[in-house]
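S.K.: Sharing a structure below in structure tokens format, with a few things to ask.
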């Protein structure tokens, strides 16, 4: 990678994937402060505080509305990119984050819980637009036949680097979660008076991205293939590749453009009715839904609550949470650097199995901690196991598999199906987990255990290894 190409990749990752990870974890630390603010505001307005149930409902909506915004944003990506381009979409999305930061930052001064909820939904809209949809296209395609080899719709690396580069967004998501956990420490922004500032920190990476994006040209692939602007594409390639001779790359992309022009894209409805890719479609549904229903979002959204219920002393919870975040980053790096050696199947099966076993372990430890106080530390180990298992494989492999299981004609529709399920299940878990925890107690984690083990079994029995295989080879294995 040349310096300009590496720079823009890191910049886009910083303002998209890492911001997404930050927003997943930012509501965990200040949960008690936000609930107290909601309760006090309600009391000022109506003369009485909120009961436990309505307060939990309002906070659950605050947490989960982020995913609904993400769902809407992901469905709007195609229209926005066609109208404004990759860079233009990123810039406009960064402006949305500035707006969201303003809503959340001034919510307490204006005594408005609604502003927190609106701000969360807008940050979700940004993440839905940017996290994966317009993140990787800045890495230029180098092979004119890559689309037939099962690479991503916009991201076309060499076959032997598909796994490594496909998991890079997951690393930045893990970093975003970790930074939110660090900033949530009592010594930093974890105090009651700082929670609006803590939520609005998102404006910093968004502002940086907005300012620096103007230093880089538009994606060469977008300029040539979608805009047919050879001159600007050539200039962009000169900048990104750092070489005056880019004619070979231009010819490769022109060949890809001719190839894509002859491909008729199928709709979501056509994809769901196409019997030739029935098992591939079902596989996308299972792994993407399973990724969110595994309970990982419950861990990220409600880590402090889980540790508190496990009996960890309140003063130790923020530092324990940061420790889990550090392990999460390490696990993500392990997955990123081993996927091309081990393959997709071992990582995703091992990850889901580890998550399922650790979910059952949390149930056992919670049931026994009254008689065995040391079981509280088993709960911490199990939470770490769930996070590490997720980051090793399930965090990024489902997105990679979605790209590798379909040809170019079916891939956009498959991304819509997988992405919509991903965001919807994210919302579902974020919204219902507090109520599930109140009604089922320690046994609520057995639901996640069952989901994880069933997904691992499905992958083991149905989905073939896709490492270094073309789409035709994968299709023959399914057949």
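A Cβ is built for glycine as well, from the same backbone N, Cα and C atoms used for every other residue.
Sequence annotations record features per position, and here TrEMBL assigns domain 'Major facilitator superfamily (MFS) profile' to 9-467. Annotated transmembrane segment per TrEMBL: 57-81, 164-183, 195-216, 282-302, 317-339, 346-368, 374-401, 413-436, 442-463, in sequence order.
Relative to the rest of the structure, where do these features sit?
M.R.: Counting residues 6+ beyond its ends, the transmembrane segment (57-81) has Cβ neighbours under 8 Å at 23-24, 27, 31, 34-35, 38, 50, 88-89, 92-93, 113, 116-117, 120-131, 133-134, 222, 301-302, 412, 416, 419-420, 423-424, 426-435 in the same chain.
Residues of the same chain lying 6 or more positions beyond the ends of the transmembrane segment (317-339) and with a Cβ under 8 Å from any Cβ of it are 25, 28-29, 163-164, 166-168, 170-171, 173-175, 177-178, 181-182, 184-186, 190, 303-304, 307-308, 347, 351, 380, 383-384, 387-393, 395-397, 467.
A Cβ distance under 8 Å defines the sequence-distant neighbours of the transmembrane segment (346-368), meaning residues of its chain 6+ beyond its ends; these are 287, 290, 294-296, 306, 309-310, 335, 338-339, 375-376, 378-379, 381-383, 385-386, 388-395, 397-398, 401, 441-443, 445-446, 448-453, 455-456, 459-460.
If one looks beyond the transmembrane segment (413-436) by at least 6 residues along the same chain, the residues whose Cβ comes under 8 Å of a Cβ in the stretch are 56, 59-61, 63-68, 70-71, 74-75, 128, 132, 153, 265-268, 270-272, 280-281, 284-285, 287-289, 291-293, 295, 297-298, 301-302, 305, 398-399, 402-403, 405-406, 444, 447.
Residues 279, 282-283, 286-287, 290, 293-295, 298, 345, 348-349, 352-353, 355-357, 359-360, 362-363, 366-367, 401, 433, 436 of the same chain lie 6 or more positions beyond the ends of the transmembrane segment (442-463) yet place their CB under 8 Å from a CB of it.
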